[in-house]
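S.K.: Take a look at the following structure, please.
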């Protein structure tokens, strides 16, 4: 049955609300930023890792959004004070529980990677404030010897985390639009895009790097391919719904009409994909590597990914099987 009334944020079939949408958005940023930072580190011979802003961004964006996302997830529980049960009592038939385990392993490897990168800074702090913790430096020394395989595993975990955000929604089998095999790949691509955009904002605003810096040139290599991939996956997503027939076709109609249709066409497609894509493909290099221009395009990219998360979550729950 098609909908003939506006239900932007309220529907009888709503199970997950805006908290989950923000949670998915934050995890995507974490996934993309960490993958980018590791790719940059392994592609360049860097003498002082802790002073490089792409590496710094990877550590910051890898950890902070994930911790904020987990906090949101905890307060989304019916009984938040029982969160420790979710953290340490795994249910292998629960996608959410498996996700929590993934986050814990991901954060463990991220911490190992981060302390190796900031080894000198940690040592200086220990010597100055807590000399009794000198044994920590021995542990970091051990971690330093295995940092290469740790990086490889962390990169894989970051990619799995990005795809997991799609698996989480596709597990809702009673919703035809969400029960879609394209979602994990789409969320991985869009999450990587948001991680790139967030990294750009940090290196240009906090790091005060120039728009034509080596770091900016490196990041630009990935922008267009990822956005084209994201656009292609969105097309595949909707084509699958269209030819799926039955409630899948109804779900497509409901999603692309009304309030959430506007969110998709304007927020996701125009602001989030077409404008950044055109800006990267057709403007001259002087504008393309302009600091303010990159910041503006990155903000558009983040808005688009944010809208995509809300669109998929809310529009996907408009129609049941």
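Note that Cβ sites are derived from N, Cα and C of the backbone, with glycine treated the same way.
Annotation comment: Swiss-Prot describes 20-40, 58-78, 98-118, 153-173, 185-205, 224-244, 259-279, 293-313 as transmembrane segment.
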S.K.: If I count Cβ-Cβ pairs under 8 A between the transmembrane segment (58-78) and each of 98-118, 185-205, 224-244, 293-313, which range comes out on top?
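M.R.: It is 98-118, which has the most Cβ pairs under 8 Å.
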S.K.: Compare 98-118, 153-173, 185-205, 259-279, 293-313 by their Cβ pairs under 8 Å to the transmembrane segment (20-40) and return the stretch that comes out on top.
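M.R.: The stretch I would name here is 185-205.
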S.K.: What residues elsewhere in the chain lie close to the transmembrane segment (185-205), defined as a C-beta under 8 angstroms and at least 6 residues from its ends?
M.R.: 24-25, 27-37, 53-54, 56-58, 60-61, 159, 162-163, 165-166, 169, 211, 213, 215-216, 219, 222-223, 226-227, 229-230, 233-234, 237, 291, 294-295, 297-299, 301-302, 305-306, 308
